Amino acid sequence: MWMKTVFWGLLVFMLVATTMAVEYGARSHNSGPWSWCNPATGYKVSALTGCRAMVKLQCVGSQVPEAVLRDCCQQLADINNEWCRCGDLSSMLRSVYQELGVREGKEVLPGCRKEVMKLTAASVPEVCKVPIPNPSGDRAGVCYGDWAAYPDV
């Protein structure tokens, strides 16, 4: 008899715990498919070398060679988790700034302001026709929200 009581008690406990986890976890910014993109969890951020070259060329108004565009789009499409694509573009952009020693409000390259490079990088998924999710459920082609306005990007 006591085994039945323990069994039912554990069952009720698990149901309550699962319900609470779903309720509170769904509202957490640390849960969801984007949380799998965190390097601390073992995710390997893509260098996006082709996109790096494409964004630099576009920002200064140069023609982007077809091979560079193709490389960038393939590298972006190769990121299996759609939720990680904008984050990887953001990491790529930060590494460009670091490489060039860019400070806030400065030109990244001659004729290319930082804000323009941010918007150029944010639009790469649209240029490449590579799907990315956004919070509204649409599969917009531009990195969503205020990504391009973040001061650290």
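The backbone N, Cα and C atoms fix where each Cβ goes, and this holds for glycine too.
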Partner cysteine of Cys59 (disulphide bond, per Swiss-Prot) from Cys84, Cys86, Cys112: Cys112
Of the candidates Cys72, Cys73, Cys84, Cys86, the one sharing a disulfide with Cys128 in Swiss-Prot: Cys73
Whichever of Cys37, Cys143 is disulfide-bonded to Cys86 when Swiss-Prot is consulted: Cys143
Disulphide partner cysteine [Swiss-Prot] for Cys51, chosen from Cys37, Cys72: Cys72
DSSP three-state assignment (helix, strand or coil) for Cys112 (disulfide bond): strand
Conformational class of Cys143 (disulfide bond) under the three-state DSSP mapping: coil
Cys112 (disulfide bond) and Cys51 (disulfide bond), distance between Cα atoms, whole Å: 16
Cys128 (disulfide bond): secondary structure state under DSSP, collapsed to three categories: helix
